[in-house]
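Student: First, the structure itself, so that you have it in front of you.
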Amino acid sequence: MTVATNPAYITETLIAEDIDAYLVKHQHKTMLRFITCGSVDDGKSTLIGRLLYDSKMIFEDQLATLENDSKMHGTQGQGIDFALLVDGLAAEREQGITIDVAYRFFATDKRKFIVADTPGHEQYTRNMVTGASTADLAVILIDARQGVLTQTRRHSYLVNLLGIKNIVLAVNKMDLVGYSAERFYEIVSEYSHFAKQIGMKSFLPIPISGLAGDNIVTRSENTAWYQGPTLLGHLEDAPITVARMQDAPFRMAVQWVNRPNLDFRGFAGLIGSGSIAPGDAIRILPSGKTTTVKSIVTYGGNLDRAVAGQSVTLTFNDEVDCSRGDVITTADAPCEVADQFEATLVWMGEAEMLPGRPYLLKMGTQTLTATVTEPKYEVNVNTLEHLTSDTLKLNAIGVVNISTDRAIPFDSYANNPDLGGFILIDRATNATIAAGMVHFALRRSQNIHWQALDVDRTAHAAIKNQQPKVVWFTGLSGSGKSTIANIVEKKLHAMGKHTFLLDGDNVRHGLNRDLGFTDADRVENIRRVGEVARLMTDAGLIVLTAFISPFQAERRLVRDMMDAGEFMEVYVDTPLEVAESRDVKGLYKKARAGNLKNFTGIDSPYEAPEAPELTVNTTALTAEEAAELVIAAILAS
Amino acid sequence: MPVSSADPVAISASTLTHLQRLEAESIHIMREVVANAENPVMLYSVGKDSACMLHLAKKAFYPAPPPFPLLHVDTTWKFKEMYKLRQKAADDAGMKLIVHQNPDALAQGINPFDHGSMHTDMWKTEGLKQALTKYNFDVAFGGARRDEEKSRAKERIFSFRSANHRWDPKQQRPELWKLYNTRKAKGESIRAFPLSNWTELDIWQYIHLENIEIVPLYFAAPRPVVEWNGMLIMVDDERFPLAPGQVPEMKSVRFRTLGCYPLSGAVESKATTLPEVIQEMLLTTTSERQGRAIDHDQAASMEKKKQEGYF
């Protein structure tokens with residue numbers, strides 16, 4: 001290539017000679033986001049460094065630092081180590097490993113690029129899924145000497161799972177296999193076989209060398225047998241997801257209601273798919289109310305039309321209810337509404353998944369409470385085998401059913417990632433613990449309707465002349481829960497109250513005899529007790545429960561099941577030493593000897609209530625006195 | 001199995017440009033903050049990134065004014081022209097401006113000439129922490145970009161700080177799709193960076209296209225400068241300790257980044273319009289932060305500053 005036809009040279013000349021023409025040209029660039037994935041030594045960082053270097057995103061001072069760093073930490077002898085350009089945090093630089101998602105930027109005359117650089121380590125599936133979630137395209141790197149590795153399969157499975165349609169197989173380090181066409185096609189054929197297995201529709205293989213620069217920006221003379229595009233050429237031409245989404249039906253999740261004064265009510269959001277114009281008929285979900293768009297308001301003036309990818313504010317022709325979390329859809333092709341789904345989960349939390357535990361689910365702009373079932377199966381992403389499992393651990397992927405506390409609008413992830421992708425959040429730590437992709441709504445959620453009852457809960461309670469209630473005793477084993485609850489029930493019974501006491505003895509031997517004492521089983525135990533207690537309050541009873549119930553999350557779950565004011569949490573506060581010294585059933589002794597696993601207070605945690613309705617301190621009160629306090633509280637409420 | 005070939009996409013009228021998409025993303029982030037935060041604030045440094053961020057805020061909440069105040073963590077050492085634009089920018093946006101100066105730094109007369117890195121520590125790092133604590137702000141918008149420095153490339157858009165404002169790169173939450181987990185524990189606060197995915201060139205192009213008002217110091221003009229610490233420093237007021245007999249020289253200079261005037265290196269330039277500034281920037285060969293004195297020493301120094309609570 002002569003200097004005069006070199007694209008970089010032409011750009012520089014244009015900048016120097018006619019900056020206005022350059023600026024006009026560059027206002028019309030599009031933007032592509034892509035992810036690079038590969039194993040530890042596939043040369044990922046080198047490739048990204050090369051793209052930045054070749055597109056002139058590296059300045060002289062950075063180059064000087066780079067040359068210094070290359071001598072100090074580099075792996076290329078006296079040569080420039082491009083990888084050092086992109087390895088960021090100090091600790092990582094010392095280890096020589098990228099351990100997080102980093103975003104890099106470069107631009108050509110046609111496009112701006114955002115690269116998600118993610119690590120190749122197996123334990124960092126979390127980071128790869130994060131990087132892939134916003135990518136239009138994935139570059140999967142293979143070391144030409146190594147061929148398709150377990151890691152390659154894993155990365156390919158993940159980018160396919162995240163719905164990336166445009167996949168480049170970059171067969172790297174071609175210089176180290178003598179630019180052999182035979183080797184290249186051998187790898188392509190092997191990969192093709194695997195791609196078919198995971199349902200990947202197509203991919204584009206390119207022979208490259210990140211270090212030597214072959215087929216990155218310009219076609220290499222070393223691979224005369226290769227007729228396809230260069231890597232950068234393909235990146236400049238590949239389709240962009242948000243442009244494709246413009247052809248889908250209109251969807252916009254409402255972020256914020258704009259009410260600067262009584263005359264203006266606008267609904268602000270980022271259009272997820274489709275397009276919208278004033279006069280278009282729309283439907284608001286989950287309510288199902290319909291109206292038409294009055295105007296598309298922006299700072300720069302009202303628009304005649306807006307498309308997927310734009311942040312706008314809509315006003316309506318009718319006063320209909322609409323708030324944050326709602327989804328505005330086109331009236332004739334609305335999305336579905338349901339409260340139970342099948343979904344794939346990628347577990348990202350340090351603590352394993354607990355089926356039945358209430359988590360927060362964020363999808364679109366709504367956040368609500370959701371529970372997950374045991375996995376239908378877990379996927380071994382290396383072998384694609386379906387495994388049975390009763391939980392998901394960090395970086396595990398599995399298919400579960402999800403149930404939400406109210407019906408929400410959604411699309412399947414495959415059709416619309418904006419309304420089918422969600423995260424799960426731990427209520428206690430606020431950590432993001434899972435990424436999920438909705439497959440479909442479960443039939444039963446659409447077909448089970450509540451049977452309207454003639455004799456309702458009010459009637460049940462009225463005939464007993466009492467307020468139904470759940471009095472929930474929680475505390476360590478041996479704290480005195482059952483003792484106090486028994487006295488309370490006797491006294492209430494004597495007063496003519498209709499009561500029932502649920503405790504470990506009458507539940508664990510029957511209803512819950514299939515459950516053990518793992519965290520997951522404890523969660524399910526409490527969920528079932530909660531459901532039974534709720535049915536009993538429907539029957540008008542005052543229900544007393546005596547369970548250790550060590551986790552705040554489950555006690556809150558039960559609280560949320562009941563009507564306001566019907567749940568009364570009683571914390572039986574007894575220090576561990578006291579409970580252990582009582583050791584009525586000899587359990588502490590067994591646990592200390594290591595003969596009883598998962599014993600609360602010993603090798604399993606107890607989370608004390610933060611705001612119980614009542615606390616009884618059994619070191620200061622007798623059981624009788626404590627019972628009197630509880631009864632007074634029940635009768636007072 | 002079919003192997004796809006590159007399929008060029010014709011640019012249709014509805015294909016959004018990179019600036020339109022960056023704008024939409026920034027607006028989305030700002031609205032998420034406002035929908036979730038109790039008491040948000042926008043950090044405003046009067047620089048070009050701040051100007052851009054403020055402009056985006058006006059767009060995000062139009063026709064309402066942005067529903068949060070601007071906070072300037074002042075060092076008393078900014079350029080006079082910056083102080084001039086500060087109140088005007090807030091008034092134009094219909095927003096309240098809060099100015100915080102660290103009273104300890106003020107009392108001790110901390111300045112960039114005598115106190116070295118303590119100047120930044122006390123005025124900026126400590127000053128910011130004091131202001132956030134004093135007004136109980138739970139989310140602060142910042143104009144930081146990922147392209148500025150290597151450690152920022154890994155910064156999340158929503159970045160969580162402990163009760164004592166420290167940043168732990170190992171404890172950041174994964175950000176998937178457009179779903180930001182904005183929940184925080186008592187005492188924790190969030191820095192939200194709506195310009196994360198913008199580059200310096202994007203910022204300049206956007207300022208040009210949207211006609212955003214910026215401090216005139218970004219354009220070349222004859223200004224009195226001296227050489228100090230290897231940089232061209234503008235003598236903006238009488239506090240500059242000129243050596244006996246030293247006389248500032250008038251040179252046509254402009255600034256690529258603005259901070260405290262004794263710490264902001266000028267570059268000799270003839271660029272008096274935005275296109276000319278962009279032209280110089282594109283043809284230049286040194287990166288933006290080199291004009292700032294704070295992080296010359298080590299590649300990882302910004303990361304250390306950030307862990308300590310510098311923005």
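Including glycine, each Cβ sits where the backbone N, Cα and C put it.
Quick paste of what TrEMBL says about this protein:
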type: ACT_SITE; residues: A:SER549; note: active site, phosphoserine intermediate
type: BINDING; residues: A:38-45, A:117-121, A:172-175; note: GTP binding site
type: BINDING; residues: A:GLY475, A:LEU476, A:SER477, A:GLY478, A:SER479, A:GLY480, A:LYS481, A:SER482; note: ATP binding site
type: DOMAIN; residues: A:29-244; note: domain 'Tr-type G'
Student: Which residue, out of the recorded positions A:THR118, A:SER477, A:SER479, A:SER482, A:SER549, shows the minimum number of other Cβ atoms inside 10 Å of its Cβ in this structure?
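Tutor: Relative to the other recorded positions in A:THR118, A:SER477, A:SER479, A:SER482, A:SER549, A:SER482 has the fewest Cβ atoms within 10 Å.
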Student: Can you list the residues of the same chain, besides A:GLY475, A:LEU476, A:SER477, A:GLY478, A:SER479, A:GLY480, A:LYS481, A:SER482, whose Cβ falls within 8 Å of the ATP site's Cβ centroid?
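Tutor: Here the nearby residues are A:ALA546, A:ILE548, A:VAL572, A:THR574, A:ALA579.
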Student: Helix, strand or coil by DSSP: which one applies to A:THR118 (GTP binding site)?
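Tutor: It is coil.
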Student: I'd like to confirm something. Which of the recorded positions, A:GLY475, A:SER479, A:GLY480, A:SER549, has a Cα closest to the Cα of A:GLY38 (GTP binding site)?
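Tutor: Going through A:GLY475, A:SER479, A:GLY480, A:SER549 one by one, the closest to A:GLY38 (GTP binding site) is A:SER549.
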Student: Whole-number Å only: compute the distance from the Cα of A:GLY475 (ATP binding site) to the Cα of the residue listed as 'active site, phosphoserine intermediate'.
Tutor: 7
Student: To the nearest whole angstrom, what is the C-alpha distance linking the residue listed as 'active site, phosphoserine intermediate' and A:GLY478 (ATP binding site)?
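Tutor: That separation, Cα to Cα, works out to 13 Å.
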Student: Report the nearest neighbour of A:SER482 (ATP binding site) in space among the binding-site residues A:LYS44, A:THR118, A:MET174, comparing Cα positions.
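Tutor: Nearest by Cα distance to A:SER482 (ATP binding site): A:THR118.
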Student: May I ask for the distance between A:THR118 (GTP binding site) and A:LEU476 (ATP binding site), taken between their Cα atoms and rounded to an integer number of Å?
Tutor: 45
Student: According to DSSP, does A:SER477 (ATP binding site) fall in a helix, a strand, or coil?
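Tutor: Its secondary structure by DSSP: coil.
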Student: At a 10 Å cut-off from the C-beta of A:GLY38 (GTP binding site), count the other C-beta atoms across all protein chains.
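Tutor: By my count, 24.
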Student: Relative to the Cβ position of A:GLY478 (ATP binding site), how many further Cβ atoms are located within 10 Å?
Tutor: 24
Student: Check each residue in the chain of A:LEU476 (ATP binding site) that is at least six apart in sequence and keep those whose C-beta is under 8 Å from its C-beta; list them in sequence order.
Tutor: A:ILE548, A:THR574, A:LEU576, A:ALA579, A:THR600, A:GLY601, A:TYR606
